[in-house]
Structure formats: C-alpha cells, structure tokens
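Q: Have a look at this one before I ask anything.
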Amino acid sequence: MTQQDPAAAAPRPVLVVDFGAQYAQLIARRVREVNLYSEVIPHTMPADEVAAKNPAALILSGGPSSVYADDAPSLHPELLELGVPVFGICYGFQAMTQAMGGTVAKTGLREYGRTELQIQSEAGVLHEGMGESQQVWMSHGDSVSEAPEGFTVTARTEGAPVAAFECPEKRMAGVQYHPEVLHSPKGQEVLRRFLLETAGLEPTWTAGNIAEQLIEQVREQIGDEGRAICGLSGGVDSAVAAALVQRAIGDRLTCVFVDHGLLRAGEREQVEKDFVAATGAKLVTVDEREAFLQKLAGVTEPEAKRKAIGAEFIRSFERAVAGVLADAPEGSSVDFLVQGTLYPDVVESGGGTGTANIKSHHNVGGLPDDVEFELVEPLRLLFKDEVRAVGRELGLPEEIVARQPFPGPGLGIRIIGEVTEDRLETLRAADAIARAELTAAGLDDVIWQCPVVLLADVRSVGVQGDGRTYGHPIVLRPVSSEDAMTADWTRIPFDVLEKISTRITNEVEEVNRVVLDVTSKPPGTIEWE
C-alpha cells in the first residue's frame, strides 16, 4: 500500500513547533481560521528538515516543562536564523527568549487559569487598541524577566514582568499566555495580527482554493487513465473525498457502498439516494452483512474489532472490484483506493513524528499490509470544518455536509462486547430514538455528534411492569467540538434527556437503563472503542 504526500500540493506552511503542548493541534487550527495553511511538527525535527519544508512562519508552542529542567525540550537556535517570522507561545516564548539572550527567571509566582494582562504604553502591533488590560489564559511557573536585545516589552502580569514582546524588524514576537484558547477572548485577534501584519502573510487558504488544489493533486496522482474506487460510509468525509475525485477524474471513479450490517437505521437508503443525486457518480452497493458478522463472531477486544472490520472491508472491496472491472475497458485495472482520512485521524493514529498512538484509526491503521491499492487521501491535511466547507464549495447538499460524524466501523465499535445481529438491532433502535429526539429539540447544530453505546456485556437490574428485569444499559455520549481534536460533553436539556430515556426503556427490548457520559476529550476519546 502506497500513499502520495499531500503536503507536496499545499502552500508554504505556518509550522507549529510542538514542545509537548496540549493545544498544538488547536494552534494549527487557529492559524487555518486566518486562511493560512498550517502543520504541526515535533521540536525534535532537525533544522535542515524544517528548512526543507519552506515555512512561511514558525510558531513555537507551549509545553509542560520548565526551561531549567534537565530533560526540557530544546529549541534549535538555527530555527531562529531561517529568516522567517517567529511567534513564541508560553514555553515557546521562554525558549525563544533564552535562545536569543534574554532571561527566564524562577520567580516563584505561578499563574494558572484566567489572568489579567496589563498592556504597556508601547502596545506594539499585537495589542494596540485593545485597552489597558484584557483577560488571558496562563499556565506557567517560570517567567521572562528580561526580553532579548532589540525586543520591546508590550505587556505584563503580576506574575510575569515580561508577558509579551515584539521586534518588528526581525518579524518576531511572543506572548506568555495562550492566545489559541477561547479563555483568551482577544487571543485569536493577536494571532491574526502577527500572521498578517507582523509576518505579512497572504491569507489564501480558502475553501475554493483548497478544492482547486485538491482536485489538481488527485488528477496528478491518478493520471489520465487511472481508475479509482471509493468506499462510501454515508458520512461527510467519504462523500466529500469521493466528490473531489469525481470532479478530478469523472467516470473513472466508481463508488462502492459496503453494507456491512453495522449501519444505523436508514443509512443505506440515504447514501443510495442523496449522494448519487448530488454528484451523478457511479455507485455499486454490495451486501456483506453476513461476512462481517462471521468475522466479528467472538471478538470483544476493541482493537481486534477495528482490525477485523478494516480487513474485511478491504476484502469486500476486492470482491467488488471484479464487478467494477466488468464495465472497464479491456486490460484496464483499478489501482487506486480513495479514503476520507482527516488530519485528526492521522494524529490519533500516531501518523506524525513524535506523536503517541492513541488507537488505530479505521482510515489509517486498520488496513491489512497486503492491500493491493494505492491510497488516495485528498482530505488527509484537513480538519472537519474545512471538509464541510470544501463540500459546500463542490455543491453537495446540506443533508450530506452537515451530517454528524459516524465512524467507519459503524455500530461495531459502539457495542461493548461481541457484535451480534440481535445486539445490532437493539442499538439501532436506541440510536434512532436518540437522533429523532435530538433533531426534534433543534440540537443538531449544537451537538458535534452523539454516539449511542450499548453495554452488551453488562446486565443491569431493573423493574419494569411488575417484574424484575436484567437488561443492558445504553450510554448517550453527546459532545460539542470544532474539529474532534478536543471535545466537551454537551449540556442537553433535562427534558430532552428524559424523553430519550423514557422512549428507549419503553420501546427497546433488552434495555432498562440509560446513562449519560459526561467525560470531555481529553481524557476520553469521543468513541468508546
């Protein structure tokens, strides 16, 4: 299995140098909100490799370490000599200070959480016109006590005598606080000013330009005669990926919808109707429900489930290829497989240097090593909101682009325990009720997604009618998010929760308890498995 490096078709990136920050991906996303392309790289990347990426600017992220710790992440001084704009945040601010001859002190004055930032008389470009003070989010122990030579101190706090500085001549600046988080209300404007005014970058990373670049990239990868096959899951990612490839190579793309039996109620019909109507793409639907259930028989370990589903999905594709080839010119083959892999998928699967593997993602690590296709992943560098924007640019209807995320392995990873037909029917019924009530309450635009999970290996004691019951609990997992990198549990009104619980326990056999998951991400991932 081979893949093309999609970064080759991207514009010059704003590189976020990750020093172990919790919010490194969020920084990249905030940069993209300014319509600039951004990637995250580890602080261990050699300076020559960083230079080879031809960065438009560098942002040095925060991190949990003290610059005085023996194992503190180091900043390669050569990065400050590349001649590109540099912006330091929190730990990156301190590392930048040390590398350029300033002073970082152990003041003993720690600042965590909301802090009042005092703007100096020389406010500089970043804080000009923002008043004498503003609320920011701090998380530091050490503080910069003296700025490097040539830098102007523009802000301070009680615990940080130098909380921000700038050097317009070098196109460098830094802040002790976290401008990327919502708890710093003016932080995004500060970041925007650095990128557009101090760094002088042109904001060209728009939905229209992204779509054009990706279409051209796909044409280049597949060529003038190559043929591709794309698996549709019913979700926005695969639909947008397929629409991009369809725009690039036309009828040389065949979309395959594998009904693996792990779908929610009505999903097969929705794909066959909505997607074909929107794109005019060729669609082949194959019924593989029995094959998937056989592969999942007796499998309870989450990773084993993902691997089994991924492996069988590819085998289903290979069986479908024979039918696709029947309509192809004599002697031709299908060599390319289109996937809707997103940037968070790659990050969670440890796809970047220095990242930990959280779980194998169904679009990244769940494929067999002997897969016979070359992967086409046009969305690999995009966040979910960017995918939706590209989908709208391509003319896909809201029913597709606004659809809540649904994992490729489907309900298979929302059943905690062995996957059986009876358990699927139970979960399908509960899920349909939850979705219907959330829609009726007008919460579709509030909730990022709401996984409904069946604890199939748990028996809960209950009383229904005049008898004692031993049913299964259902877990509701509503979350709010911007890009799935982080998420907070959604505060659904109690009356809506009551309706969902009452209907599920009354209408779904085998369920006698409904519980609410109130865990944010981190520490918990959105899906249970």
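Glycine too: its Cβ is placed from the backbone N, Cα and C atoms.
Copied straight from Swiss-Prot:
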ACT_SITE  CYS90  active site, nucleophile
ACT_SITE  HIS178  active site
ACT_SITE  GLU180  active site
BINDING   SER233, GLY234, GLY235, VAL236, ASP237, SER238, ALA239  ATP binding site
DOMAIN    13-204  domain 'Glutamine amidotransferase type-1'
DOMAIN    205-403  domain 'GMPS ATP-PPase'
Q: Looking at the binding-site residues SER233, VAL236, SER238, ALA239, whose Cα is closest in space to that of GLU180 (active site)?
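A: Sorting the binding-site residues by distance from GLU180 (active site), the top entry is VAL236.
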Q: Quick check for you: of the recorded positions CYS90, SER233, VAL236, ASP237, SER238, which have their Cα within 10 Å of the Cα of HIS178 (active site)?
A: CYS90
Q: Rounded to an integer, what is the Cα-Cα distance in Å between GLY234 (ATP binding site) and CYS90 (active site, nucleophile)?
A: 42
Q: Determine, to the nearest whole angstrom, how far the Cα atom of ASP237 (ATP binding site) is from the Cα atom of CYS90 (active site, nucleophile).
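A: Cα of ASP237 (ATP binding site) to Cα of CYS90 (active site, nucleophile) measures 34 Å after rounding.
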Q: Excluding SER233, GLY234, GLY235, VAL236, ASP237, SER238, ALA239 themselves, which residues in that chain have a Cβ inside 8 Å of the centre of the Cβ atoms defining the ATP site?
A: LEU232, VAL240, ALA241, GLY340, ILE400, ARG403, PHE406
Q: Just to verify a number: CA distance, VAL236 (ATP binding site) to CYS90 (active site, nucleophile), in angstrom, no decimals.
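A: Here the two Cα atoms lie 36 Å apart.
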Q: Can you count the other CB atoms that lie within 10 A of the CB of ASP237 (ATP binding site)?
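A: By my count, 25.
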Q: Near the Cβ of SER238 (ATP binding site), how many other Cβ atoms are there if near means within 10 Å?
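A: A 10 Å sphere around the Cβ of SER238 (ATP binding site) contains 24 other Cβ atoms.
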